[in-house]
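Engineer: Input: one structure, supplied below.
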Amino acid sequence: MTQDELKQAVAEAALEYIRPKLDDDSVIGIGTGSTANMFIDALGGIKGQVNACVASSEASADRLKSHGIPVYDLNVVDKVDFYIDGADESNAALQLIKGGGAALTREKIVTAVAEEFICIADESKLVHTLGTFPLPVEVIPMARSHVARELVKLGGDPIYREGVITDNGNIILDVYNFAIPQALATEAKINGITGVVTNGLFALKPADVLLLGTSEGVKTLRAE
Ligand code: 5RP
């Protein structure tokens, strides 16, 4: 199966996972990226059963609206039942690297509210140690050089993501050559650098479930 076929399979599996649990009151958090887009398109097929969504990016909000699915501001909902999103990497503890699509901060905010975070990814995303994928860090623009110097002190090689401004008006530094064996400590340490909005490690609040698309079918993984 191709990577896109595996992504499609996990998007459909996520729909089947939440569908029996949906009620008139449910709020679904929606992530960003190609796998999340496939989930949005699958959700469009049952839009009559969808009470409300909140989105982690303007792009996902626009895609949801194009299907006629109601999208709300996070501030006007009092809960988010599920958050469904892809990832750039996951380890066996379901600690993630996210932010390849530059939506990491809003993704982390919706994750913080969600009662259950369902990560959807193809099998290439499952790794032993996080960090082969460069770690995205969202930074206030005037702090770019300062934050880059601090990231070098931590052992990484930060590269400015040219031409990208986040939905929050900030820039992204991608940290290369940065193996992350201690994701909890690294997430907290980078978030402590002045000028960092957030970083793409989701370890303090990892995924609850990983639906992993493999050539043998979709596997449901929980944190080890
Ligand atoms: C966007 C993200 C995405 O979830 C991540 O980049 C995976 O994307 P894709 O589903 O396209 O492989 O974190 O900020």
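In case you wondered, yes, glycine gets a Cβ from its N, Cα and C as well.
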Engineer: So TrEMBL lists Thr32, Gly33, Ser34, Thr35, Asp85, Gly86, Ala87, Asp88, Lys98, Gly99, Gly100, Gly101 for substrate; which of Lys125, Lys153, Lys189 goes with them?
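Structural biologist: Given Thr32, Gly33, Ser34, Thr35, Asp85, Gly86, Ala87, Asp88, Lys98, Gly99, Gly100, Gly101 bind substrate in TrEMBL, the matching entry from Lys125, Lys153, Lys189 is Lys125.
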Engineer: Given a separation of at least six residues and a C-beta threshold under 8 Å, show me what packs close to Asp85 (substrate binding site) in the same chain.
Structural biologist: Gly29, Ile30, Gly31, Thr32, Gly33, Thr35, Ala36, Ser56, Lys98, Glu107, Thr111, Phe117, Ile118, Cys119, Ile120
Engineer: Using the centroid of the Cβ atoms of Thr32, Gly33, Ser34, Thr35, Asp85, Gly86, Ala87, Asp88, Lys98, Gly99, Gly100, Gly101, Lys125 as reference, list every other same-chain residue with Cβ within 8 Å of it (recorded substrate site), in sequence order.
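Structural biologist: Close Cβ neighbours, site residues excluded: Gly31, Ala36, Ala121.
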Engineer: Return the count of C-beta atoms lying within 10 angstroms of the C-beta of Gly100 (substrate binding site), excluding that atom itself.
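Structural biologist: Taking every protein chain into account, the count is 20.
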Engineer: Which of the three DSSP-derived classes (helix, strand, coil) applies to Ala87 (substrate binding site)?
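Structural biologist: For Ala87 (substrate binding site) - judged by DSSP and reduced to three states - the answer is coil.
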